[in-house]
Amino acid sequence: MSRQRTAALVGNPNAGKSALFNALTGARQKIANYPGVTVERKAGRLILPSGEPVELIDLPGSYSFDAASPDEEVTRKVVHGEFEGEALPEVLVLVLDAANLEQHLVFAQEVIALDRPTVVALNMVDLAERDGLTLDPAALSQALGVPVIPTVAVRRRGLDELAAAIARAGDRGADEGGAGEAARARQDMTLPERRLAARHMARAAVRSETARRRLHAGLDKVLLHPWLGVPILFALLFVMFQAVFAWATPFADGLEAGVAAVSEWVVAAFPGGFLRDLVTEGVLAGVGSVVVFLPQIVILFAFILVMEASGYMARAAYIMDRLMARVGLSGKSFIPLLSSFACAIPGIMATRSIADPQDRLTTILVAPLMTCSARLPVYALIIAAVIPNTTVGPGVGLQGLVLFALYVAGIFGAMAAALLLRRTVAQGAASGFIMEMPRYQMPRLRDLAIGLWQRAWVFLRRAGTIIFVATIALWVLLTFPKADPGESQVEASFAGTIATGVHAVVEPIGFNREMALALVPAMAAREVAVSSLATTYAVASEDEEQTAMALEEEVAARWSLPTALAFLAWFVFAPQCLSTIAVARRETNGWKWPMFMVGYLFALAYVFAGATYWIAVAAGL
Ligand SMILES: Nc1nc2c(ncn2[C@@H]2O[C@H](COP(=O)(O)OP(=O)(O)OP(=O)(O)O)[C@@H](O)[C@H]2O)c(=O)[nH]1
Ligand SMILES: [Mg+2]
């Protein structure tokens, strides 16, 4: 009786080895679309066309035989016949991903250099074709010196041909070896030489490639580059924040002038009294002060929507994955965190796609640190008031730079918090990244317009509902009880009493009374911080018998720079939104984690606002 025939599947991670193994042997090995799924050898039985059985071994994916990880070590040992209780496999089945041929051909050459009976399964040709790439198996076979069989493991395409090729390679057997000349040529090659050869072979194996595929592959080379990718992403975000200030200003000025004109008309047309004050101080000064930030919101979302629609956002997630892995999160958390730039509520809901409970909890707890669009009016107001509108380089405005820094501070805060949480209350290992890159696309103008309209509408609806109600409530608290003649209305009011209480807590971190008062209604929605400042100053200026100034000018005149910076630092961290807390409660099924979240975020806000204030004071700002 002849001895048991054996073959082993080798190749890069995620080439489809286990998928082929399952298709060839009827086994049910776990397959998934990310590298490192198989971590042990696994044997199954493949029946050749002749009816003869072959023991087929599925191996962990590998980038090189020199590699150090324990799963790759298994592959190296089995392939070299050093694995305990395992004979040297007769035939090596080298699995390559046709859509990533150049990458996969690097390790492939190491396998070919062994000069053993080898068959190449050129897998995933369906994906290559979908991208507009047709390969020439004959050319590749010629270059590698071994048979090349195109396959689609998941559709069982090319399996019979592959089995037949395995049989032929086994029959020729050890006496003829593998690739011969082609193998010997590769034995002394260095890694850079292999990379270069891989590029040449991959190019030579292309039968046809659409212009679009070439363009997209070129774009990916740059945008997903291990070193270039991150600076490009940050440069894009940088431009976005510059634009938020540079482009919005004329529109915002126009809106502001409009609100002022309406206010003047109301003052002229109606007799003075309770109702007129409500309209001018509460509605127009308060709510109007928020509405003027509509252009900024629209520009911010225009950038985000274009990045999403073009296919870049998924690439950003891919780039960020490695960074996120360092803090114990995966690229899976990127999408929820990204949505949190709009608002933490959909962001927290999007964590439902994260399978690992600790991973998910961490993402929920740090989501409020991503800068939601409700902070934009607060940031934009304070920056416009206290940061000079100068440039610090060609085309680089200081105001945009500060805004960018605030967003980055939020991101770093979230990453640092995730790192700590993963080490303490939400321990666990980071899981792998699962995401298919969507195709690049020209964003469609119509979709863009609809998306922007929806965002603008959400913002205006907030202004008309929650912000309106909170501001009116504050105005009422500021207006009653009425002050005696000569006494300050703000001081005498209910709101003044509240302000005194809150101010005692936040005075050490440099906040003034109006800021302290603004923090309370801002729990309803962060933008209310802006409207309540506007309303407070409107009421105050009335009893100081001044003409009301624009809010920005009031802030510029009344706040010191350290105070203003401390307020910005506070808003980077503070959990200033009740709806977010409510959603966190729902998604974690209890009060424990939302309370923890509120606690640590307030603590962070207090510490960082205080540090900012005292450092700024010490620096003489
Ligand atoms: N479209 C398509 N998908 C495939 C093909 N072969 C495998 N896949 C998919 O590719 C992914 C990776 O397949 P696996 O079989 O797990 O890859 P592997 O080489 O075993 O990966 P490791 O175990 O990590 O080394 C899975 O999502 C498969 O469903 C193919 O020919 N065409
Ligand atoms: Mg596998």
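Any Cβ shown, glycine's included, is placed from N, Cα and C.
Any TrEMBL annotation is an automated prediction that lacks curation.
What TrEMBL lists as domain 'FeoB-type G' is 4-172. Residues or ranges marked as transmembrane segment by TrEMBL: 222-245, 282-307, 327-349, 399-421, 459-478, 564-584, 596-616.
For the transmembrane segment (282-307), the partner stretch with the highest count of Cβ pairs under 8 angstroms, out of 222-245, 327-349, 399-421, 564-584, is 222-245. Among 327-349, 399-421, 459-478, 327-349 has the largest number of CB pairs under 8 A with the transmembrane segment (564-584). Within the chain carrying the transmembrane segment (399-421), a Cβ under 8 angstroms from the stretch's Cβ atoms is held by residues 237-238, 241-246, 323-324, 326-329, 337, 361-363, 365-367, 369-371, 375, 379-380, 383-384, 387, 389, 392, 568-569, 572-573, 600, 604, all 6 or more beyond its ends.
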